[in-house]
């Protein structure tokens with residue numbers, strides 16, 4: 001047990017270091033996206049802290065399996081460089097013993113990842129969207145002032161001539177982000193309406209006109225008695241989301257990161273058999289399972305990569321491991337894309353895991369039995385069987 005805990009603790013520090021570095025890098029990108037909301041709150045620290053807190057579970061879900069691979073490689077490689085693995089083998093301890101601390105750590109990381117995937121990450125994403133909506137409401141109440149051009153998140157300019165209570169008189173809107181063309185809206189009166197169920201904010205405009213300039217510079221004039229104008233929040237680009245999330249007219253949809261496991265399974269059963277929605281839900285569900293299993297597979301894959309070979313110290317195993325990780329995620333992303341479109345089976349999601357597992361086991365047997373190739377190892381085993389009386 002002393003040897004087990006010694007090896008186990010040697011893996012903890014590089015795992016923690018890798019998780020911290022990867023999480024910090026991913027958070028930098030997230031914080032950049034929070035800038036419009038921070039401007040709306042007057043750059044207060046409390047909203048920023050909560051945004052970071054809500055983002056951490058999702059980021060950890062992605063960074064921990066990768067950090068486990070890097071941490072296993074670094075920890076085992078350090079043991080090899082210090083000749084501790086050589087001493088273990090000289091004392092009669094097989095390399096298979098290293099599977100115990102590596103698998104124990106992989107199992108622990110897998111449990112944490114399971115908690116993140118199943119509960120913490122959906123909670124974080126939902127809470128983050130609710131916080132953004134509260135900031136959006138505050139921005140609307142504070143910045144829509146009378147007699148001033150209000151720059152609403154850099155997407156549109158709103159001018160209000162008069163206000164009596166909650167009634168706005170003389171509303172002018174210049175919207176340069178309208179997908180149908182640049183438009184200017186003028187209305188005699190209007191009111192601000194917060195739709196809590198949809199997490200949206202509307203300007204209810206009455207008796208006005210829309211001046212719209214299309215792509216071919218043609219002018220259209222549209223008159224209306226009532227217009228529910230949606231004050232869309234920033235980051236409206238939904239091109240990276242499944243098809244059912246891209247249409248903002250359908251109301252707020254929970255994406256895969258917002259759904260609990262129970263909700264996701266119920267959506268799979270509720271969706272029409274063979275429909276695009278069902279394929280996408282199936283893809284998301286099995287993507288979560290693959291994320292959890294990747295912790296165990298990455299540990300097995302990285303173990304032989306980290307074993308130091310004094311006869312070939314410049315074997316470039318770390319570069320090889322990084323290239324394999326890139327290949328893994330390329331195949332994984334392609335597999336999920338095919339499954340979500342109904343063009344492939346769920347096996348395509350798990351195939352990269354099986355490939356990484358097979359490569360890891362082959363490399364382990366090559367190193368453990370000091371063979372240069374799998375063919376040599378198979379020949380040796382076959383020879384042993386023939387010699388056995």
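Glycine is treated like the rest: Cβ placed from N, Cα and C.
Annotated in TrEMBL:
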type     : residues : note
TRANSMEM : 7-28     : transmembrane segment
TRANSMEM : 48-76    : transmembrane segment
TRANSMEM : 97-118   : transmembrane segment
TRANSMEM : 285-306  : transmembrane segment
TRANSMEM : 318-335  : transmembrane segment
TRANSMEM : 347-365  : transmembrane segment
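Cβ atoms under 8 Å from those of the transmembrane segment (347-365) belong to residues 95, 283, 286-287, 290, 293-294, 297-298, 300-305, 324, 327-329, 331-332, 334-336, 338-339, 371, 374, 377 of the same chain, restricted to positions at least 6 beyond its ends. As a quick check, the transmembrane segment (7-28) and the transmembrane segment (285-306) miss the bar of 3 or more Cβ pairs under 8 A, pairs 6 or more apart, so the two do not touch. Long-range Cβ contacts of the transmembrane segment (285-306) within its own chain (Cβ-Cβ under 8 Å, at least 6 residues beyond either end) map to 61, 64-66, 68-70, 72-77, 80, 98-99, 102-103, 105-107, 109-110, 113-114, 117-118, 256, 261, 264-265, 268, 317-318, 320-321, 324, 332, 336, 339, 346, 349-350, 353, 356-357, 359-361, 363-364, 366-367.
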